[in-house]
């Protein structure tokens, strides 16, 4: 049974795919595009390192029934590193999350959602050299919600 608050807002409109494509996708662009168009999985980015799985669930379950949440982890420290994947049971529920949750605030951060071709084991780890996300390696500004200064800026 779905208690999704946003289910009532459902429409027949289609949520467009963004220009972003996973550079590590194993397959060609056509195959990735096909998977993205039928996917029930969202990539959620710009999370605080302190955002919990429970907070993600509370927000994203307003769009429908969630099958699984996979928190992004620093591959060295195994701590949260600012992203996650949210998998819904239905495409319609995932579309509602894209429509209504993308660009909202969570933990004082504007989060972004994007379609994902489907979670595969190993993708929960950051791809940066230090184990976190690549963007956090090069950031020169101070961001308390994402561990302070970027990793490379800290070394200087």
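Any Cβ shown, glycine's included, is placed from N, Cα and C.
A quick note: this is a predicted structure, and the numbers were derived from the prediction, not measured.
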Range annotated region 'Disordered' in Swiss-Prot (choices 91-123, 124-156) is 124-156
Phosphoserine per Swiss-Prot (candidates: 13, 48, 61): 13
Binding-site residues compared (114, 116) - the one with the fewest other Cβ atoms within 10 Å: 114
